[in-house]
Every structure is written in structure tokens, then in C-alpha cells.
């Protein structure tokens with residue numbers, strides 16, 4: 001079984017089948033220079049272990065198919 005996660009490595013955002021061994025989807029958010037006008041930068045993808053957030057990052061991980069939708073998009 002391989003997990004399906006949303007990913008921001010493609011444009012527009014798409015769903016990818018995670019490689020073997022990467023059994024978590026993650027969402028990582030942080031502010032860059034354009035945060036006040038564009039909002040937080042959002043990165044989505046697959047990981048083997050949930051990354052440790054840096055002090056300025058928010059990281060969430062989950063383990064079900066497509067469980068990491070873009071926060072501004074409705075799951076679909």
C-alpha cells in the first residue's frame with residue numbers, strides 16, 4: 001500500500017503516490033517577505049518521518065490518503 005498526498009512540488013497542486021517508506025503526508029507553513037500581502041508560504045508533500053519545525057514554522061503530519069489539503073482549498 002502506498003499513501004496519496006497533496007504536493008506543492010507541482011503547479012498547480014496535485015496528488016502524488018508517495019514512494020515506498022514515506023507513509024506520512026505533511027503540511028508546512030511559514031512567513032516570508034510577502035506574508036503580509038500573500039499570507040503564509042505553504043509546502044505539502046510526503047515524508048518518512050514528520051519534520052521537526054523550525055521556530056518560525058508550523059508543521060502538521062497525517063497518515064491517511066489526501067489528508068493534507070491546501071488550507072485555502074476545500075478537500076476534494
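Using the three backbone atoms N, Cα and C, a Cβ is placed for every residue, glycine included.
Taken verbatim from Swiss-Prot:
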DISULFID  5-25  disulfide bond
DISULFID  18-46  disulfide bond
DISULFID  31-35  disulfide bond
DISULFID  50-61  disulfide bond
DISULFID  62-67  disulfide bond
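With residue 67 (disulfide bond) as the anchor, the candidate disulfide-bonded residues are 5, 18, 31, 46, and the one with the nearest CA is 5. Cβ environment of residue 5 (disulfide bond): 15, 16, 18, 25, 26, 44, 45, 46, 65, 66, 67, 68 lie under 8 Å away, each six or more residues apart in the same chain. Here the disulfide-bonded residues are 31, 35, 50, 61; the one with the fewest Cβ atoms within 10 Å of its Cβ is 35.
Taking all protein chains in view, 18 other C-beta atoms sit within 10 angstroms of the C-beta of residue 67 (disulfide bond). All protein chains shown were included, and the count of other CB atoms within 10 Å of the CB of residue 46 (disulfide bond) stands at 22. Within 10 Å (C-alpha to C-alpha) of residue 62 (disulfide bond) lie the following disulfide-bonded residues from 31, 35, 50: 50.
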